[in-house]
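Pulled from TrEMBL, these are the features on record:
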- 41-125: domain 'Inhibitor I9' (DOMAIN)
- 154-674: domain 'Peptidase S8/S53' (DOMAIN)
- Asp163: active site, charge relay system (ACT_SITE)
- His238: active site, charge relay system (ACT_SITE)
- Ser603: active site, charge relay system (ACT_SITE)
- 728-824: domain 'Subtilisin-like protease fibronectin type-III' (DOMAIN)
Amino acid sequence: MGRKKLQLGDPGKCNCISIRCTLLLWTALAAWCVSVVNGEVYMIMFNEKTLAQQYATLGAQELDVSAQHDALLTSFLGTANDFRKVHDYNLVFNGVAVDLTESQVALLQSNDAVWRIVKDEVVTISTTHSPDYMRLSELPNGAWNTSGGVANAGEGIVIGVVDTGIYPEHPSFADDPVKPYTPLLTYKGTCATDLRAPNGFCNGKIVGAQYFFATARIVNPANATDPDLNSPFDSNGHGSHCAGTAAGNYGVPVIVQNQNFGNASGTAPRARIAVYKALDKQGQGYTSDIIKAIDQAVIDGVNVLSLSLGSNSAAVGNVTYTQSFQLACLGALKNGVICVHAAGNTGPGTSTVTSFSPWITSVGATTTDRVYPSYLYTGDGRNYSGQGLTPPTPGSLSYPLIKASNAIVVGGIKDPNFDCADPSILNNVLIQGKILVCSWNGVEGSFSGSMSNFSRVAAQTSGAVGVVLLIAGQYYETSSPASWYFNDFPAIAVWGLASYQSFNTYYLAASQNAAGATGWLSGGNKAVYTGAFPKIAPFSSRGPNIFYGVENPLPTATPVADVLKPNIVAPGVDIWSAWSPVSVMEKPYLFRGQQWSMISGTSMAAPHISGISAMIKQKYPTWSPSAIASALSTTANPFGLNNATLVAYDVERNLFGDAIAQLKRPGNAFDFGNGFVDAKAALDPGLIFDATYADYIKFLCSERLLGSAAVYANTLETCPVDPGLSSDLNLPSITIGNLTTSRVVPRTVTNVGLLETYTAYIIKPAGVEVAVVPANFTIAAAATQVLTVTLTALSNSIYVNQSSFGAIYLQGSLGHKVQVPVTVTYKQV
């Protein structure tokens, strides 16, 4: 029979929120229906592993997370009548939401099993969330406030976006009627036209819109008449997404598939956008066209270049710093423009980063703490966690569940691995008004997100009220809720063999009863913020950086550079931003025809850093690109839970090198560079490590595989007689590819704050002695201080995976903390 949701305060009924009870299950669920109402809900996160992690560790043993949580709570607080549990969280993190008194909270805070307690609060709808996560909107002293408020953050700064163009009709790029964008005298770019943009491309927010496809037209003459290659109009979506992330307007409603996902904001919402389209509707372009776009952007007067593009590997047989794209960014730096570049999406393997040069800020990607929990609740009182950005099943009822394999018409032939592959073989009469359950049980690794589309179509055409896609495959913690093609139809994808088997056991048993199997879907379109620390995304490319392109580097002979890459990490997983509704891209399917999209990549991380760079440039207009990069890096945070380094996703491989499982491990500087960006701290770094164009030329001259003739050929610059060592470059990090005995590394800091006294604290890399002179110093405003760092090898290491990681911290008397990571790969005593 159907189940009515009990409403808070119903006469004659106990006060239960979001609990659906039947008379048949009333006794079993009575423990949930308690009269305690304290009015204060807290999220409690336990120190134990999540259910997914426990299952991976313990194997096929069935785990009941709800029972585990109940046992923990009752052991702390007494009987179930003394508290009210509101939610179980089992996959995204291990915890619960509970209605508690203040004394109960105090009791829990003293318990070692509890990691964190967060008081629930009324929140306004928000979706891009990354501005909150990076401390932009923090009150009272967040980065936006210190930039003059959200209505001024990035004002007067132009971010040049080299990408697939822009969709100019998007509200993220509209002029502001309350505070119109005034003309910028310093920017000289032009605006192309296109009939698909009847109101034009430029409106004050967008200040330039150009396209660069000369090489593309030569390579393929048919491109000459392709309207996509003769306009800055975005037929892909990627360029609009990046532009919106960097500088989209503040507080724009995000409506997708008739669902409201909150309000979006760019990182620097008052910055202007200059569009340089050099990638076609498939997201591809030629290096020469891209370099032309960079060149034009510098000529036009952009302040920041946001570059979410690149190759997948280093050019074999070449010094990486002299690749054309790298040198184009050196030219930009020479003219005062910072290049912010996506580090690459070929991680998590060693030396997969494809942004090599010290004059480029290379950005890796992380997760955030935002999740979209979705649940299937079944008639036996269990719940199954899954994904799907969809509304719940209609009303407050449970519905009959029917497996597709039990609803096949006579003569229908079912795919043995997937029973919803062909909707025409399903009996609509049996399915109508029920929740259809589709099952996939194919070969591991062969599952495709498109199967969720088949499931939705099968359910909708059969008259079902919702659909469950059961997947008997490995659960990946970083699977995106946007990867499912459910649109706005109530649906959920449930991963994992344990869930697959558990549901089938329930379904088989319930089928023996007259009532049969029942359930309802909670929906997965409401965000929950867990407070979790960022983790390095599995696709985010990793170091160590290399100075020479080799096809198959050996672990004992990888050409490790004296330059740390990536430099910094920022949110890059499941990022909401603007999209082109005319995108030709097959994926993401969910966002076809929509003006918003949730996608992942270092392409999404880089625009966050571009936006923060714009705010730094706004506050310090005379700063060099190196000074901006230093402020970003030295204030970044490499630590996560319990002051351990940030966690990095990686993969477990078999003897043949094939990835067989996803895992997490402690991260290091080759995963996250200096750490996760802290926008607030970056606007007040205390000290900076500055470098000039001449310093970078000197760095190139120090590269032994180049020589003065090659440097001149690439830059038209003459090398000094003694260029020194590559590690002499004044970077906010110290990276030694090959340490033989010892090396002296000079660094010079400039005080951009008030008079302050600094003390050096050292975390030594394994097998390396580190000394800093002076260890204490007082530095006046605008003054400089030379530091001499000596590194001495104490042990030998000949493999790249034996790299050692440490750091130097300069702690200031006024509260500034300047972080300089130290990495050493090969060592010889």
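Just so it is clear, glycine is given a Cβ too, placed from its N, Cα and C backbone atoms.
Remember, predicted model here, so these are calculated numbers, not experimental data.
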Cβ neighbour count (10 Å, all chains) around His238 (active site, charge relay system) is 26
When pLDDT is averaged across the domain 'Inhibitor I9' (41-125), the result is 61
DSSP puts the residues of the domain 'Subtilisin-like protease fibronectin type-III' (728-824) at 4 helix, 63 strand, 30 coil
Simplified DSSP label at His238 (active site, charge relay system) comes out helix
